Each structure stands twice: as C-alpha cells, then as structure tokens.
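Here's what TrEMBL has on this protein:
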ACT_SITE  His214  active site, proton acceptor
BINDING   Cys222, Cys225, Cys246, Cys249  Zn(2+) binding site
DOMAIN    84-362  domain 'Deacetylase sirtuin-type'
Amino acid sequence: MVSVSSLNCSLPSFCYLTSVAKITDRMSEEKDVRRVDVHEEEEDGDDDGAVGFSESTFLVPWMRLDMLRALFARNMALPRHHAPVLEEMTLNGIAKYIQSGKGKRILCMVGAGISTSAGIPDFRSPGSGLYHNLQKYNLPHPQAIFEMSYFKMNPQPFFTLAKELYPGEFKPTVSHYFMRFLRDKGLLLRCYTQNIDTLERVAGLTDDNLVEAHGSFHTSHCLGCQKAFPLTWMKEEIFKDNIPVCDECEGLVKPDIIFFGESLPQRFFQCIQTDFSDCDLLIIMGTSLVVQPFSSLTNRVSETTPRLLLNMERSGQTDPIMAALGLGSGMDFDSENAYRDVAWLGKCDDGCLALAELLGWKEEFEALVTAEHSRIDEELTTAKLQGATIGAHHS
C-alpha cells in the first residue's frame, strides 16, 4: 500500500490530483448538476466538433465521484492486472469478440471525425477548421458565434453559418451507416453523439437510438415563450435569409444546439445512468476525447468491457504516471497491462469497412450504403425539379 504522505508532492501529476480534489469539492456545492459553465478561452488542439464546450471546461458535479473514484481508487493501491478480455488487442480481436456473441449491447460514442468525409468541417483543424474560417463574420472572437449573449445581440452570423452547414445538404457517411447497420443487426444499445448535424438521424437512427449530447438542429425553441418549431420551419426561415422569429411573441427562435454556458439535454443524464453499465462493447469514433463531460463517459463502462477507438490518432489514454500509481482511468492501448482497449488509426469510414469485412458483413453493408446514397440523390434531384417547376409557374 502506498501512503499519500510518502509520495513526492512536487510530482506534477500528483499536484494535479490535489487540484482535481479541490475543484470537485467546490463543484459539489453547485445546485444545478446539469450545468457546465465554460466561458473560458479554448486551448489550441484537436477538436471534437462540440458546440458549447471548451477543452478547459470545469467538471460537473455528477462527475465528482467518477473522477475521485478513478483518481484515488483502491486507496492508492498498486495496479491490478486483469486477464485479457480479447483474444488479441486488434480489430480482429474485436471482431472475434462480437462473433462469439459477447458483444450484444454495443454503445457508440462519436465526434466530428465521422462527418468530415461528408464535407462538414471540424472546428479547429488548421486551414479547414470552422474556427479558422470565421473572419468574414467580424466576430469579437471565433467562439462568439456559439455564445448566447452574442447570439441574442447579433444572431445574423450564426444563421449565415447555419445556412452553409445546414442538415440535409450533406449525406451520411459510412460511419453513420455502420451504426445503423449495428442497429439493424440488433446490436446497437445507443449512439452518443457530440455532433449537431443530425446525420445520424438521416442515416436512419431514431430518437430511441440517439443521445445528442450537444443538441442538434432537429428541433428549435423560442427564447421568449419556449414555443417549439420543427426542422422544416427553421430550414425554410434560414434559406430565406430571415432571422427566425416566433409567430406568437416575436421572440428570437434558436435551434436546440448547446451554446457555451448552456445545460446539456436532460436525456443525456438520464440515459447514462443505465446505458454504460449495460454496455458490453464500447466503440468510439472520430473524437479526440478532450471535451467534458462527454469524454469521461469512456470510464463508465465496466472494467471487463472492451473499448475500440477508430480515429486518426490515439486519444483518451491513461496518463503514464497515473497508470504506474494504479490511478489511470483512461484507455490503455500499449502497456504490458493492456487487456481490453484497441486503437485502430485511420479514417473512421475505413475502420468501419475493415471491421465489417472481418465480421463477414462487408458486401451486405456496402449494399446498404450504396442504396441509401442513391435514395438521397434521387430525393434531392426530385426536390430540385419540383422547386424549378414551382419557380417557373410563379414566373
């Protein structure tokens, strides 16, 4: 047993533990456990496509026990060694796990990386990221476009941007359809998404299949009287270049995406209470796992639940020093103690296709994607022809 007093407190990671304890003690006094106040400047780094959350976010109180349990678990005991959960720490090992019948309740956690192949930019990639291309809006700072105070004062930049990125102008990717395919196979427990583009819904996932952690454009509400407005109404207003206004109280209408300082959807907190304990395989796609509280969800599954990361780079890993102390709560892909975590590095679409092939599903899966993309192309063509006919009639 290692005592706290015997540790060198000059050790940076241990001092970090002390800071976390102080923060969580302070946060335990908060009354609204669903609020994350994040008005701090974001740090440089990779982005998950999350709206309303910075990398320097505070911990919400419900995370307090999770963090303390992870950081001070086992009374500072030395690491416990687990028997391997997978036959091999590879994508093939994950496939064999599913084929064995053990992966029957699969949770997916996804970020902006699953939508980039659809043409939707992430937030901070140099040159192409959303925050690097907002100069034309004359914002006081890039994040202002997603700040409630600025939105109420000047909503035009947000709605101009929304027209460029509006749902329905893009087709779901292979990664989106892979989750739909898992659902059709009876294996998807739920998809937790950070994205606001609603492409999960376009791919065929329903309200029951989804937890939109940062909200989406699917519904909108008046900021005054709280009247609800559907996706079709909001889209029509945006494409007319109107500022959407409530027809009852003339209040400003905002899509139900989470802005900086807003509370997460209640459904997020309701579903995590059971989903992660019921899950027997966690698949994480296209996220750098730095935005809280979403990133902490990877630690809520049981210690015997395999976790697969499909991403361009490793993310969500245990700090090496914390792992040596037995306090690591992140994922462990490479150490001698690794027993359940697999990282497949590359484009998410390629990872989904590779897994489908290992499972013997590739032809069936590719047929689904081809059929769905053809259907969407036909619908878009029909809509354009109808629009042209209506325009000619009015002329």
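Every residue gets a Cβ built from N, Cα and C, even glycine.
Curation plays no part in TrEMBL annotations; they are all automatic predictions.
Of all Cβ atoms in the protein chains displayed, 13 besides its own lie within 10 Å of the Cβ of Cys249 (Zn(2+) binding site). Proximity to His214 (active site, proton acceptor), defined by a C-alpha to C-alpha distance within 10 angstroms, is shown by none of the binding-site residues Cys222, Cys225, Cys246, Cys249. Remark: of the binding-site residues Cys222, Cys225, Cys246, the most isolated position is Cys225 (fewest other Cβ atoms within 10 Å of its Cβ). The Cβ neighbour count for the residue listed as 'active site, proton acceptor', using a 10 Å radius over every protein chain in view, is 25.
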